[in-house]
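Student: In case it helps, TrEMBL gives these features for our protein:
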DOMAIN    29-115  domain 'Aminoacyl-tRNA synthetase class Ia'
DOMAIN    198-763  domain 'Aminoacyl-tRNA synthetase class Ia'
DOMAIN    804-923  domain 'Methionyl/Valyl/Leucyl/Isoleucyl-tRNA synthetase anticodon-binding'
DOMAIN    951-1015  domain 'Leucine--tRNA ligase RagD-binding'
Amino acid sequence: MAHTAPPAGPIELQQTGKRDALKAIERQCQQRWADEHLFEVDAPPPGEAANQPKWFGNFPYPYMNGSLHLGHAFTISKIEFEAGYQRMLGKRVLFPHAFHCTGMPIKASSDKIIREMELFGEDFERFAEAAAEEAPEPPANVKNAANTAVDKGKKGKVAAKATGHTYQFQIMESIGVPRAEIKKFADPQYWLHYFPPIAKADNNAFGSRIDWRRSFITTDTNPYYDSFVRWQINKLHDLGKIKFGERYTIYSPKDGQPCMDHDRQEGEALGPQEYTCVKMEVVQFSDAAKDLIDKVGGRKIFLVAATLRPETMYGQTNCFVGTAIKYGVFAGKDNEAYVCTYRAARNMAFQGISETAGKVTQLAEIEGTKLIGSKIKAPFGIHPEVYVLPMDNVLATKGTGVVTSVPSDSPDDFATLTDLRKKPEFYKIDPAWVAIDPIPVLSTPTYGDMSAPALVKQLKIQSQKDTKQLAEAKELAYKEGFYAGTMLVGEYKGLPVQEAKTKVRASMTEKGLAFAYAEPEGFVLSRSADECVVALMDQWYLDYGEAKWKAQAEKLLARMNTFGNETRHSFEGTLAWLNQWACARSYGLGSKLPWDPQFLVESLSDSTIYMSYYTVAHLLQGGVVDGSKTGPLGITPDQLTDEVWEYLFCDGPWPKAATVSKEKVDIMKNEFNYFYPLDVRSSGKDLIPNHLTFAIYNHATIFPEEKWPLGMRTNGHLMLNGKKMSKSTGNSLTLRDAVDKFGADAARLTLADAGDGIEDANFDEKNANANILRVHTLIDWCQEMFKDDSNMRHGPAKSYHDLIFENEINELISITKEHYDAMCFKDAMKFGFYEMQQARDWYREVTSDIGMHADLVKYWIRTSTLLITPIAPHFAEHIWTSVLKEPKSVQLARWPSVSRPIDRAVLEAGTYMRGTVKMIRDSELNMLKRLSKSKSAPFDPKKPKSVHIYVATKFPEWQDQCVQLVQDAYDAKKDKVDDQKVRELLTSRGLMKDKRAMPFVQAFKKRIAQFGAQTAFKRSLPFSEANVLKELLPYLIKSLNLVDADVWSVEDALKKSEAGFSKLIIEAAEPGTPAFEFRNV
């Protein structure tokens, strides 16, 4: 039997002893933190807040239809790490976590389970029998796959295969739900109580510093949150931000309601794309298509072409259809029939275009090839009648599948027309059908009157098969035409294209020659596995994009920290295009629209300002997530009127009719005023086009400016082992999987190392596995150092190496703090964890002859523990309490202060030492290579040897001259060296002929770029090179196995005439770059 290769996926751990030991430590730490309620934080009493700084960080509450995955953990970690750091600065840190349940996914999944129970039984016991009876499906016809309507009955399976499962009950089993329990999920409410405790337990196992008293679920199941949403929505309505009217929206016919981003399996952030649909009446069908006339019941038949450029219709020369596409003839209003794709007709059915609203009535079907040669009218065309021609590149998935051709301005049209004219016999067309030449319609400064032919020639496009170049040409032509074009023909001749476009469209529509049409910008699939359309419908919508509101949002963004230009630019781009957003639906879970309770508030509209609710949730709900019990203040949901919320959050007047005491609400108001505004909201970058920008809009209009968010940061998606996470391929980990597999701290260290930018990050399991050993080894070493310090020095730390080590620790404290301040955790760990250990390793090695100093080792252990506390708190807690014997938790510790001011000269001396050792080792290795290739060498590294080290106190004169002329050519304001001036100075000062000069100048310019001009021009060391080398000699002799080593100044060495002092080597020394001369002894 053949064996198949295992699927690519997570690695398997061979040894788990060390991991299990670390996990035991982690459980002890977590229990202590819970017992001591360390993460529960309250505002100080009124009047005491001024001297007690706060930090409030949060992330988008996860949806409760499954366990948290590693991507959730990555986003959570950004707030989690920063929360740990901010605690160390002495701030009251609030990190809450709630559970999102609003929207379609839970209800849709519940409905699936109900259907599957009907099919297979209450416990799905008939599933195996049903599966056996199911006939295998034939392979898809690739050629026609995109051109035919999708079978709705199969679509659920196709969508489900993204997870590797066909049915919802299988998905439930795959995430650990016992089959016997699955039937309970037929009730949507069961989800709301099943998954939140799992999310809480997983976070606790991760070591998250969360105040769980402030947790809640959304929807009207929670009456407290429901009243909060009611106030928010009512306020937006009263402010005129929520409106009612007819507008295009992405819509699911199956669900019978708009399909917003969170309701989609595919197509998030895609919106409606509006077209002008040009009605081209058939004058005479081709012989192959004549029988259509008898199938439409006397209706007028039109080919309908969707265009984004109605202003160019004057230049129509023909019409294109796809040769591989099957078209339908569909019933329209007023006894008309439209030839287009089924997909387009389905969109039209929900836009008031088809004969019956919401219904597609197909009268006939015809292959595109049979339409070729038909004569049709060309509305607004200079040539009133044109022919239907074939085109290879027509897409059935975009527009109507019918393309009106304007070859003067469309590169695709021009390239295809050229192909047809060259080979009419090949394409089986009459040359008379392509007799009309391209017609100038508009003029542009760059491409003249015929943009398409000009671009086809410029980009060397040979045929319609050059799709890549044609796409580039199309973009160039359309941009130039729209922004710089002027009309040459028609009633709007002389007008800019930007003005003419809407006028031509309106004129065509008024005359019945065109109609407005819209479709999704791309493929959108709902959670219920329905391909969505664009519907024109009356609905409640948030008027995002309205000028005054948009200006408020832009003002908020301008003053908000985005932790990177990429995120800021993404926000700016979203604000530029975002407009009206449907905020109500009729299917799913949520809070009812207060003034129109047949609708629910959709999931991206009830989640824009809930961060403010965190500040009071613990007082209202007391940690009971569904609000089924009253909280510590004893306030009931019915007492929370809109007026009470307005007083609480927006300083509105106290309502006289309030049934709750003002004193109780003032307690909540104190919490809100202390913790708000939020300091940081962290999220995946995919939420910028919707949730995060909605949060900006809503905060800008609901709250006063002093309560606007201070910061939002975003991260990329998280890959696993360099590949996209996917359940179907097995390359997937949940948060719990990661903690169980590697332990919390190893997983946390790996998440920190994954990256902090907006680009996609990577969780490397090999790195996580290595972190287990790294942490375990470090614990052992710390314990060993405290257990027996007899091998270490005591008393005053007088060694020069002690001084360097202490300065390096202090420097790393400062550098690490800067990175935590910037929420750059990869770099914080690099300096605060890895480079701290490198500094210790060097110190241990370089002091091997005299031993490390006990006080400095303990200082290092204490400092290292604190620097990594935000990221690896379990390790830190264990060292802090078990090794350092601190009575209080490390979660209460403060950020370390430096033991003394940092001495830059000492730090540079330490860097110099390491560099010198490497240079000497490299020099010896080079000599070994020379020996292997040649019998002659200055010395034999394998025999006893010594080394002279030559130290220069000044640079060669020619170098000083070069540096001076570079400085003379340097412009401080521009921070740039004038290369032309450098060449002139080299020539005038007689250095151009010196072959050493130009390479030196180029290298020196690189030094300016690397270290800055001030440092580069200074060209002097802040320490005595000779003295530092003398401190290093004992280590050099031991580590390089030397008989002896000595340090010579260049001046003194040049005076020596005996063997072993080579002038060429001596003169190679420069300040900061000593020369080495080995000799056998």
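Heads up, residue numbers simply count up from 1 along the chain you see.
The backbone N, Cα and C atoms fix where each Cβ goes, and this holds for glycine too.
Curation plays no part in TrEMBL annotations; they are all automatic predictions.
Could you place these features in context, so I can see how deep they sit and what lies close by?
Tutor: The DSSP breakdown of the domain 'Aminoacyl-tRNA synthetase class Ia' (29-115) into helical (H, G, I), extended (E, B) and coil residues amounts to 40 helix, 13 strand, 34 coil.
A mean pLDDT of 95 is what the model gives for the domain 'Methionyl/Valyl/Leucyl/Isoleucyl-tRNA synthetase anticodon-binding' (804-923).
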Student: When only pairs 6 or more apart in sequence are counted, do the domain 'Aminoacyl-tRNA synthetase class Ia' (29-115) and the domain 'Leucine--tRNA ligase RagD-binding' (951-1015) reach 3 or more Cβ pairs under 8 Å?
Tutor: no
Student: For the domain 'Methionyl/Valyl/Leucyl/Isoleucyl-tRNA synthetase anticodon-binding' (804-923), how many residues does DSSP put in helix, in strand and in coil?
Tutor: 89 helix, 1 strand, 30 coil
